[in-house]
Amino acid sequence: MKAYAKANIFLKLTGFDSRKYHLLESRFILLKDVFDELELVDKESDSKKEFEIISNFKCENNIIQKAYLLLSRRYNNELKELFSKKSLKLTKNIPVCAGLGGGSSDCASFLLLMNETLNLKLNLQELINLSIQLGSDIAFFLSGFNSANVSGCGEIIEEFEDDIPTLKWTFPQISCQTKAVYDEFDREIFDFQKNNNQAQIYKKLSTKELLQNFKNKELNDLFTPCATLYPKMKSYLQEDFFLSGSGSSVFKVDR
């Protein structure tokens, strides 16, 4: 099963919820040429792990393991039986700490794979309700939409009929820590009402129109704090690249 990456075309922060989590308004688009892969493979006879992930990257505290534990509260017997014979193979291609939602996409694909393999018969809303307990971007990947306006803490998804130009990507070898970038954003005083008003305009425009008519700093509130924390990102800010998420992946329209 393929776990596709995503890009944020705009990302506006509009306040906090009761848990002090950031509220956002964003346009997510699915990147179908950048993906991880998940599959079930036969378990090696000497493996003693109840749930084993075989991967080309370090898997400790992986969000998939958290999803397994969450599912096991309701489907413990089914999961134990499956993973007594199978391991999960995860081939990681999406850059890590790059603003492309790789971990969230992997988690969504794992939930979908378990729903299908174990015939759990969970509908989309039930899967989204589970995902809210795990992470903010997962709901978009569960939806299967190619483009959507995303709000709340990432759990409110509205499909958008979009016009998406070809994007040219650059993946800097810079590991941007999401929490650190958000913390840096919080050091500044922002007019959240103004941000929300801008977001309501952006939500009505196609991706093509957004990238043609607005500057990178206008579209993504996290670009300036990202460049402050990671000085090597400043050149991309100055050269009119657009930032996905909290970085470090950047892109331009391929002319």
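Glycine residues also receive a Cβ, built from the backbone N, Cα and C atoms like all the rest.
What Swiss-Prot records for this protein:
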type     : residues                                                                          : note
ACT_SITE : Lys6                                                                              : active site
BINDING  : Pro95, Val96, Cys97, Ala98, Gly99, Leu100, Gly101, Gly102, Gly103, Ser104, Ser105 : ATP binding site
ACT_SITE : Asp137                                                                            : active site
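Here the Cα atom of Asp137 (active site) is found 9 Å from that of Lys6 (active site).
A Cβ within 8 Å of the Cβ centre of Pro95, Val96, Cys97, Ala98, Gly99, Leu100, Gly101, Gly102, Gly103, Ser104, Ser105, the residues given for ATP, is found for these other residues of the same chain: Ala5, Ile94, Gly245.
Under DSSP, Lys6 (active site) is assigned to a strand (E or B) in the three-state scheme. Most Cβ neighbours within 10 Å, among the binding-site residues Pro95, Gly99, Gly101, Gly103: Gly101 holds that distinction in the structure as shown.
Around Lys6 (active site), the C-beta neighbours below 8 angstroms that are at least 6 residues distant in the chain are Phe28, Ile29, Leu30, Leu31, Leu100, Gly101, Ser105, Asp137, Phe140, Phe141, Ser244. For the recorded site, Asp137 (active site), the DSSP three-state label reads coil. Taking all protein chains in view, 25 other C-beta atoms sit within 10 angstroms of the C-beta of Asp137 (active site).
DSSP assigns Gly103 (ATP binding site) to a helix.
Note: Cys97 (ATP binding site) has non-local neighbours Ser175, Cys176, Gln177, Thr178, Ser248, i.e. same-chain residues 6+ apart with C-beta under 8 A of its own C-beta. Classification of Cys97 (ATP binding site) by DSSP places it in coil, neither helical nor stranded.
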